[in-house]
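So the structure is just underneath, and the comments pick up after that.
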Amino acid sequence: MSLKEEVESRKTFAIISHPDAGKTTLTEKLLYFSGAIREAGTVKGKKTGKFATSDWMKVEQERGISVTSSVMQFDYDDYKINILDTPGHEDFSEDTYRTLMAVDSAVMVIDCAKGIEPQTLKLFKVCRMRGIPIFTFINKLDRVGKEPFELLDEIEETLNIDTYPMNWPIGMGQNFFGIIDRDSKSIEPFRDEENVLHLNDDYELQEEHAIRNDSAFAQAIEEFMLVKEAGEEFDNDALLNGELTPVFFGSALANFGVQNFLNAYVDHAPMPNARQTNEEVEVSPFDDEFSGFIFKIQANMDPKHRDRIAFMRVVSGAFERGMDVTLQRTSKKQKITRSTSFMADDKETVNHAVAGDIIGLYDTGNYQIGDTLVGGKQKYSFQDLPQFTPEIFMKVSAKNVMKQKHFHKGIEQLVQEGAIQYYKTLHTNQIILGAVGQLQFEVFEHRMKNEYNVDVVMEPVGRKIARWIENEDDIQDKMNTSRSILVKDRYDNFVFLFENEFATRWFEEKFPEIKLYSLL
């Protein structure tokens, strides 16, 4: 198979949603239908002892939530699919944002009872900013929810995107009978004991069935015909341009509508895209020279070995295990001998990968999030990945002073993951950690105890705003006050931590020569 044919067979996407919309469950069922796993677990499995394949971390299994992006690869038909299940919780949106930099399309999961929720809206905006095509899966049709037209209107009005229903539900909740498939004009029943039914060209039922006289069926047919008459033919270019989202109705937990979605996804989703660099060079996935970038680092995927994996998206050329690459940030060459693919925490050695593939590189501390790797003499670096400005800050120390070595190792590795941000006071070297939300600190504390055997003491700093400094040479000691604590971040940049907006404005008025800025 040629490089071009290999690249064209890749599909790489992330699943995004508000917490509890069914994102991780959908991931499980996609793996199940592809044959990648024999049994689909469920995130509700805290009581049963069964956990989602993508929720591999201990804290995820205990809480039944996703707090880190999982990477999984599987084959389906003639395609190789890379799927990234992202954290739904808003406190971990930075990890999700970085993950969205590594995919070519996204699947938006919506709870039919709740519609568009805040986290869904935030993540959709990132996809739109990046020009990522979006597929929509409206979930939990076997429960009572909003009417289909109401959901479509909400998507179109809130997200400013056209919708194209690929199927249409018959009933809802306890009266949910199934879905009408738009292309085949067939009815897929929700219950296994029912057979597939077919519609003729006039959308009349061809088989004899009791549902023929059901009011829910009559209403669904009427709505379906309105959709057909009002809508145009499916426009794949509009999808790829982010102007239209194909909509699928189903129930991930019940294994219903998932395979229909997967079949349509591989038909319509884009192949790997070209990538922009800081030097304004566009790198084609078909370029012969290998290139890739690190978008995620994860420590302790195997707690027994304290390993560290750097996740790399291949952008161009072919990766071969054992090849020499250059880390652009340091200009140092290295031979990559340990590379792996994933089914959550299950790993398999990767000898070959092409554009669109996500592979794990064993990391001894060489890599940082955003690093560019190249196989030839390329001089470019891919565009930087987003970093958020924290809103909560805590002083952190080890409860047991004899555990300092483990404490500092844990801090170093979890900070390098991007799970939490690191600061240090100038004169006392007090460690201060910053996070977007409180749950990040809870997960940090849990992981320090379970992965590094260190109990930590955390104390609020009383600061809510971090601002970086453009002109660091103008900083003076008198600026380090009770209202404006001066610290350094992990890259040795100066940062002021302020109590509130009032303190920030007071500082800017008192020291107008200092130019402050925030991250995302």
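Every residue number used here counts from 1 along the chain in the order it is shown.
Cβ atoms here come from the backbone N, Cα and C positions, even for glycine.
Per Swiss-Prot, the features are as follows:
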type	residues	note
BINDING	17-24, 85-89, 139-142	GTP binding site
DOMAIN	8-277	domain 'tr-type G'
Local confidence of the prediction over the domain 'tr-type G' (8-277), expressed as mean pLDDT: 84
Cβ neighbour count (within 10 Å, all chains shown) around Lys23 (GTP binding site): 29
Cβ-based isolation winner (fewest other Cβ atoms within 10 Å) among the binding-site residues Ser17, Thr86: Ser17
Neighbour tally for Asp20 (GTP binding site), based on other Cβ positions within 10 Å of its Cβ: 17
DSSP-derived class (H/G/I helix, E/B strand, else coil) of Thr86 (GTP binding site): coil
Three-state secondary structure, Asp20 (GTP binding site) (per DSSP): coil
